[in-house]
Amino acid sequence: MSGVLKFVNDKIAPAANKFSRNLWVGSLQDSVIVSMPLTLVGSVITMLLILRDYYPSLPDFTPIQQFSFGLIALIIAFAFPYFAMQRKKLDNKKLLAGFTSLAIFFMFVKPTIEDGQFSLPIDSLGANGMFLGMLSGLLSCLVFMTLAKFSFFGKNSAIPDYIVASFDAFVPILVALTLSWLITFVFGVDFFALLTALLKPLTHFGQSYFGLLAFIFFSSVLYSFGVSTWLLYGLFYPIQLAGIAENTARVEQGLEPLNIHTGEVIGGFISIGGMGVTLPLAFFLLKSTSERLKAIGKVSAIPSMLNINEPIIFGTPIMLNPLMMIPFWLNAFIIPTIVYFTLKFGLVDIPTHIFNLWFVPTPFQAFLVNNDWRSFILLAVVLIVSTAIWYPFWRAYDQQQVALEKEQAEKQAA
């Protein structure tokens, strides 16, 4: 185990951290974070729509959901180049790069314009269009960065900076839009359809058992070494969002939902107390004989109920602690397996409600994502299994810490 830890810590972790700080990965991370309020609004509306099933007199809030969560591709299309330009210290062009990306995005969607009417597939504006939004942002960034030094004016020009920036942006905007026009309207490339086809194998894998397991397990491994999980999140987040959006659409059409790898499944059944199912450990810590572990339990119990487990990860610690990393990894393998096949075989309904309020306590979240009372049974099974996994390792670690505290107390008394 020590050899594996040394290899990962010395070789893999530095490389992964370097990659996660990459311009494009970091910009995508910032873009997803800034889009979170819209997904949270969509999640709140989901709760109101669930209530409407029981109280039909409530108004239909669906349009609010469509124009919040349903526009996430537009947010990514603007925010991705905005943050990339900001990271490249090109702040005077970040807004224009964002707006140019939006124009490129609408070109790539290939709207229909007839008799003064502008129409486009509404699906392209939501989760299904996120990769297209990234591509639009990437093209805008590359053009703006390539022409960053171009200017109509000299360095000592008396013209105000905002006017200089506006005129200097003319050429990159023209180049970016001309390229988009050539690709879409002259050569007839339908990027939305093309990306959908190219990403179909990735989406198919992402929605498989191995796709879900890969995301959960490797995210947990990286997290236990202190490496940002955005390394995987940037790739799988669009798949998760598209998955729940498709589930919702299928139910509205009278069809059965198919996608299991969604944020709703992870939040409702897999990441109970946080990644690695650490909620049972939080309560074990409260019962520890070790004073240090008991103190950590007091600090981490309430956050754990809200699915926040940083106090446990870094306080216990689980990170870089071989004894506690083992159950952390075991949970990341066993729990997704139980949940996936329970949903796959129809023992519990697959979630169809958009619900990204990850801080809602798990019992409520597990029911709200699918309105199925059997969710509580699955949740109980997950908690029993994860508790059984954590118990022997916590017990052994508690004894280690008690012995260490006793040794330290004897040294201080000597």
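Cβ coordinates are placed from backbone N, Cα and C, and glycine is handled just like the others.
Annotated by TrEMBL as transmembrane segment, the relevant range among 4-26, 211-233 is 211-233.
The transmembrane segment annotation in TrEMBL falls on one of the ranges 155-176, 265-286, namely 265-286.
Between the stretches 95-113, 342-360, TrEMBL puts its transmembrane segment entry on 95-113. Residues 73-74, 77-82, 84-85, 119-121, 124, 129, 132-133, 135-137, 139-141, 143-144, 165-166, 169, 172-173, 176-177, 180-181, 183-185, 190-192 of the same chain lie 6 or more positions beyond the ends of the transmembrane segment (95-113) yet place their CB under 8 Å from a CB of it. Beyond the ends of the transmembrane segment (181-199), by six or more residues, the same chain brings 107-110, 121, 124, 128-129, 131-132, 135 to within a C-beta distance below 8 angstroms of the stretch. If you take every residue in the domain 'PTS EIIC type-3' (8-393) and average the pLDDT, you get 85.
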